[in-house]
Amino acid sequence: MENELLNHPHNNNMVNGHQDAPYDALSMKNDAEMLEQIKQLLMENNNLKETMKQMNQEMKERLEELLKRHNQHLLDLNSANEVLRKELQSLKEKIATSNQGSAVCSTSEEASENKQLKNQLTRLQAEKADLLGLISELQLKLGSFSEDSFVEIGFSERESGEIVNEEKANKILSDHNISYRTNSIKEEGGGTEPEEVAISRLLRSLREETQKVERLEKELFSANKRLAELEKQTSEFCDKGVQTEQESEQSQSEVIISSEVDILKEKVKSLNKELQETNDKLNEAKQFKNSLQEKCILLDKRLQENQVDLEEKQSLRYSIKKLELQVESQESEIKLEQNKTEAEKNQLGILQVSYDKLNSEYQELRIREIEKVSKVEFNELLEKLDVCEKALAKKQFEIDEMREMDTKHEEDKETIELLRAQVDVYCADFHAERSARENIHQEKEQLATRLAYMIQEYEKLKEEMMGKQSIEQLQRRHGATSLLDASEGPYLVARGAANMEQPSITVYTCPKCNLTVPDMDTLQIHVMDCIT
């Protein structure tokens, strides 16, 4: 349809005798440029969609890695807590054996200390249960992500009994079933909203993880305090046991307890190091989050630009449809006019046949009258006949001219309507291009002003740096000479007064403090220092 629009006016103009080839060439160029721009916009949209898909996949992979690391860290903490609990139980058993050896002297004190140790053990076990509960809450909150967050964590806990034992902890750890599930990317039109929701949920999960890490640090600090208290109590208990008869056995138990306490301290230090590593990983996740936010901002800008381009495309499609409808209407009008011309041709054929009949009859009548009338009348009739033929020829010529003018007018009407439609399209394109060029020109002017301002500032800074460097070089070069001249100033002035007859010697003096200087460079440096 577009090729018909572009070629049809050209043919009509050639029929009418007018040559509008440059105008048609410009229209062809503009249409080709518009088609190229539309293709470029479609390619850019496809590229943006591919980049969005790649970004989504990268985010999914990074989230899966972070969740795996977090779960591994939780499992390590649980195992460390179990080891600590076992060591505390072994310490308790050793203390109980040592208490049985010294039960003869201090049964009441040992019973009270045993009760305290039992209470502390129950507290530690309760704290361990709280830690396991926190871990389960963490995994529940991580599992509460929807399909848009690309990760789903499900787990089932088996807990029974009042105090958490090793077997129950192992069951809980074995029953944590982590399943990762990636979400399918939505269609091209509506891919921005789930990504924003996923990013916001990721930010929330990162905040919750940082808060939980802080809680774990506090709990580790409290556990360290309790371990210190246990160490103090064991040391006190050892001091009391020294007074008993079994000094050798108690000394051995003290050595064992101190070694075990050192081992516990080392394990606590390792746990602190692991916490620091988790904090570093969280910082890396925050940096990755910031980079993702920047990328999302860039993608939003690109989407806005694509929306503007899509609106322009829709307007172009609307104009193309409008032109197609106009072409169809003009084709229907052309068909009607062709039918009219065929009917007129049929009428002309009928008139021509009748004219031929009349002419033949006229010739026969003329021959008969010639035979009848005289020569004078014959001549008069011939003259009249010539006049009538001339009049008929004139009328026929005028009729032909009127027909040609009518056909030309009809063709001119068609060309005028097509040209008007093209002029409307070209005007719309011209206004759009002019507005775009004005915007580009304004942006160029703003960038040029900024560039000139930055160049001026750069030149100023460069001049200042060059001046400072030259002054520093001069100061380094003539620093020693200025000090010597300051000490020998009066002597040089007196000598200059004595030798006024020597015109070749030039004396450089400061106008403020009357200090004589051997060089102009040192004088400039001294004047700058003296004025400041």
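If you go along the chain as it appears here, the first residue is 1 and each next one adds 1.
Heads up, the Cβ atoms here are built off N, Cα and C, so glycines get one too.
Copied over from Swiss-Prot:
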- 27-143: coiled coil (COILED)
- 195-466: coiled coil (COILED)
- 502-532: zinc finger (ZN_FING)
- C510, C513, H526, C530: Zn(2+) binding site (BINDING)
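The Cβ of C530 (Zn(2+) binding site) has 12 other Cβ atoms within 10 Å, all protein chains considered. Remark: secondary structure over the zinc finger (502-532) totals 12 helix, 4 strand, 15 coil, with classes taken from DSSP. In the predicted model, the zinc finger (502-532) shows an average pLDDT of 76. Shown are the binding-site residues C510, C513; of these, the residue with the fewest other Cβ atoms within 10 Å is C513. Taking the mean position of the Cβ atoms of C510, C513, H526, C530 as the Zn(2+) site, the remaining same-chain residues with a Cβ inside 8 Å of that point are P511, K512, N514, L515, V527, D529.
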